[in-house]
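Asker: Once you've had a glance at the structure underneath, I'll fire off some questions.
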């Protein structure tokens, strides 16, 4: 088919090409010739329109059969000769043949376009013919015209065929018309059909569109309805879900509350059980104590009676001595008062004389002033006259040259010379007059100055007289004022004209004499004031030290005279050299004379036999002028006024320190050079002004005491030697307690060796710090993978709604918690931001803070931060990034002021990026993955370092960290301690949970401030000696391999500062005597293995060390105290900082910590221990170290200090006795005179002293405190003195009571004890009667004691047996009642009321009955048994064994059931049980409603537990019958009555075993009902367990029914097909279910929990965290 189409197309193209080539010339000729013929034919063409020619028909047929023609043409051969010949013939003849037309028509395409083309051709032909017919004349012209190629071939007709052409045209016209008509009809028909079809199509389209629209509307309605239904369904589902969630939350909350309540109940039960066991132990101890006290009381009474009989004459003698001494003291006091009165009168007389002198001087001064005024007026008048005369002369001499002529020039010159000569003469006379007047004025001024000086001295003397009670500060202030006045008065003298130098030289001797007199008066006044003040403060030393005080004051006065003269005449050096030389000569002469006189006097005073230590008091006074306690005034030196003022200020500051807080390290202050250091002088002056006065009271320190008192000198030497020997013996005993002791010299040498080694090898901190500050920071580009920022930015409105800010630029604080996730791009606008806290906000990076330049505090804990960008935040101080995902330390470049950085719980492997952190002090990187710490060398300022719980095998980079104070390295893989050769400030070192096997590295380190050392849970088998750690207080070496006790003692030897020691988990604890050995080695130990020790020595640490180490130790203690006080000053809640003020305080704390660390490091490097002596004294002011009050220990300490003081000479070492508080001489005499009293008092300390004796002792102490002899001792009396005073007071009260008892023995008929022994103080006058009654009284006492011992022992044994039985039967606690702990506590007084009061006339005060115990005659019907074999009562067993049902009853019912005996007996068992059941059911229902229990058994169990845990109220002391009834807990309640007669009648039934038949019936019924109820309860439990196993999981969980079930429960998960747990959990289900455990099982559970809670090696968590069971979390 395709081939035919191609051939047809080719043929058509060839035909048209040939037709176009045909020549038209022949056609034109034929047209011209046949014009006429064509006209005729055109005329006849109209008629022939209806006839169609064959060609037209042929065309029509061809059109109709075009398909056939096309097929024929396709099949026709292209080379057919006939067709082409016919075609040529037709062309030659000029006619168009049918074949041509056939070809023309056949060449048209089959489409409609070919038909239209044919119609156009025919129409063109028709128009041509029609035009020819209309214009025949134009034919010729048209023929000659050039035929265009566009002209169709059919228009040209040849002349030979004219006829044929006419017919052809007509037929063709007719055919055309008919064809047009037919075509029009066809077109109309087609249009009609088309219109109908279009209309039908429109209708169909419209219907289809309508249907489509309906369909779309239906779909929309369907969608709307569907959506509506879905919304309704969703709402219903949401409501249902919300309700379900709410119900689930409510049930979960109820479930949690129920679990928590049950857990609390279980914990309370456990606590009650432990408390029960503790109370039982306490009860045992109390009973043992009661027996011990009774035995002690009996022994004390017996010994007291024996002692009284033996020592009664000695006591009388001592009482007489005491009276005589009291009388002597009164006489001394009277003498002292008399002397004081005389001194007062003398001072008043002197004051009166001075006042008279003052009045005379005032009158003289006024007279001189009047004379001065008169002379002044006269001089003024004379001066005015001279001035007027001089003016007149000058005027005359000025006019004289004008009158003289020029001829008389010589005479004129001579006249001028004379005039000039007259003028100087007048000036000279005026100068002389002025000089005379000035000299007179100077004389008057000198007189006035002298008057002023005298007035000032008188005023100052009066002021000093008024302030005689003031010690050092007012006297120094007066001296300074005197010096200021004298200097102010000497200043005008320097401004006097040089012309008056001679007059001054003439007046100088008189001024010197006057000044010397003033100085003498001033010194005398000061010395008198000092003497009076000393006498007022120490009246007991008034008569003893008057002579020495006067001598020493005279010595100081003479020295002051020379110094004052030097100061008063020092200004003469400025006037002239001669005057200065004369003044120096005078000063030297006066000094030499005074020195000679002082030496002569002192040699004469000390010429007698004296000790070697007193041979050089002058040298001691020169080197240590303030050691003499009788001279409170400082020795004046030639220093400036500013230095004096500084000294005064320092002395004032030191005077504020309380007198109890003086340290023993003050001896080191005294050892310093007093002539150089002003601080030392101030301290010594203060100590000399009254603080060291008690040091002279001992009386046994003559070797070191510079000024011994008269009483000590007069006392016999034998007593002194005995006291010294006793002190040496006590010291030897105290020193002999320690084994393997290390001498002080050894400790000193080893400590000093380590310190010197450190001094030689340490790197100066200043150099390290300077290098760190000036190092160049090289910025390294670190490729940190930042997570894509896909989170939304922080909402600005959320930031602004929490404050009064209007824009983000004003926001200073941002705090959020728990945000879903955000980015920090919003914070770029917060330029004023200072605090940023975003916890649990889902942050992945810390970026966008570059514009927050004022940011100080960042808290981004508990996020997912992986990248940090906080560059160039210079104000940033604290950054908290705990619990994130960091893998390295980065992003802090330019944060130069960052001080605290916390990065715990991250994934950091190495420490780096700390180059720019020049002030970093706290770095926390615990719980990371660290394997190296080399980056720490970039931050040498670190103070606190926490690298715990990492993977470290060694610590590097801390060599330059010279300020490190706390290092935490627990939970790593360390094999040895880190190198600490440059860390003198280290205070805490934590090395727990490592693999350390040796600590040899610590032996060579100098760590003077190390307080806490923890090496627990390691592999230590040996430890180095630790005595070189002078400040070590806490040591933990638990869970190691220490096994040798002797080595342990050697390691801990000489560790005098150690207070807490933990050795748990070591094999050494298996030794028998390890505890005693440790306590002997460490007498100051207070806590051993977590247990507080009651008996520990409270000695000072400095006492155990050598004197050369005490200053160093004081420095260390001071620095430690400063470090401990600094956090308390600034920080209260360090990690809850959300205010700007708190952040500023934290920053200031870090700054002060850095400053203090610098100072302490500098002090250690320079070896300057004197810089903190005054501060140490101030520190001890706030923290005084009170010693133990035990008298024996205090005596040991006192004697030891005395002997140590005797060993040192005062010239080579400081006297430690200056800081030891010693008793006064009067007390020393009493102690020496009462040796026997002390022995007896020591024996009687163990006995009990009655309340009267205690009140008497306190009264005596108050009286002694108010007396003038002890005014200065109230604040500074040491504990030994106080202990001695208490012992003496108690001994005196004991003697007074014995005297009272002796007087009471005179009247044995009196049965009531004396209420006031002081009133009834009578002497024994009838000894014979006392001796006869003594035997009878002793027999009575023995009988009474025997009876009491038998009865109390029986009761105690009975109670203990019952308690043991109850404890053994605890496992079956459902059947027995709990043990009432208060039943063990019986009132001794109430029991003793049953016994008559013994006749205590022959007993001392210890056996007297109490004041509230009235004597009661013994009733013969009380006991119904033999004295040798007492019968055991049967009924007391009811006190512990009772009906089980009564245990469930509440306390209210117990109170309601207390009624009379008759009412109880009238009750029947049925009514009793029904009443109990009624109350029980009401109580159970109430509890079930309140707690929401579904099962009544839970309420029953709760009631039982509440009954067991209920604390009983304290019972009042009732009558004996009621007391005994409550004690027995019998079912028959005894009525509470106040009648004494009824109680007397009931005493008959105390010890009778009586059981009535009614009681037996009640017991049988109660047992039957109890068994029945028990069976029903067990059946109910079984039924409940079986029906709740396959129920709802919430209802059947182990926690919910923990208190209800009694059988082992099944897990609901197991019933639902879950897995069965084959491996037990950390805490099994039975451990938490405490209802099934008895007391023994509970104790086993606690042991198991303790074992499980022990920390394991290489644990990931901190050892300080608490462990909880999985069910309880």
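Please read every residue number as a count from 1 along the shown chain.
The backbone N, Cα and C atoms fix where each Cβ goes, glycine too.
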Asker: Write down the single range among 487-510, 511-534, 679-702, 703-726 that appears in Swiss-Prot as region 'Disordered'.
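Answerer: Checked against Swiss-Prot: region 'Disordered' maps to 679-702.
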Asker: From the ranges 22-48, 49-75, grab the one Swiss-Prot calls region 'Disordered'.
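Answerer: Checked against Swiss-Prot: region 'Disordered' maps to 22-48.
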Asker: I'm validating the feature mapping. Which of 1239-1261, 1262-1284, 1285-1307, 1308-1330 is tagged region 'Disordered' in Swiss-Prot?
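Answerer: Of the candidate stretches, Swiss-Prot labels 1308-1330 as region 'Disordered'.
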Asker: Swiss-Prot tags one of 189-208, 209-228, 229-248 as region 'Disordered' - which one?
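Answerer: Checked against Swiss-Prot: region 'Disordered' maps to 189-208.
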Asker: With Swiss-Prot as the source, which of 324-374, 375-425, 426-476 is set down as region 'Disordered'?
Answerer: 324-374
Asker: Across the domain 'IQ 3' (1340-1369), what are the DSSP residue counts per state (helix, strand, coil)?
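Answerer: Per-class counts: 30 helix, 0 strand, 0 coil.
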Asker: Can you work out which residues elsewhere in the same chain, 6+ from the ends of the repeat 'LRR 8' (895-919), have a Cβ less than 8 Å from its Cβ atoms?
Answerer: 772-773, 775, 777-778, 782, 870-889, 925-936, 938-939, 941, 946, 957, 1146-1147, 1150, 1154
Asker: Would you mind listing the long-range same-chain contacts of the repeat 'LRR 10' (940-961), meaning Cβ under 8 Å and 6+ residues beyond its ends?
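Answerer: Result: 763, 768-769, 772, 904, 911, 918-934, 967-975, 978-979, 981-983, 990, 1153-1154, 1157, 1660-1662.
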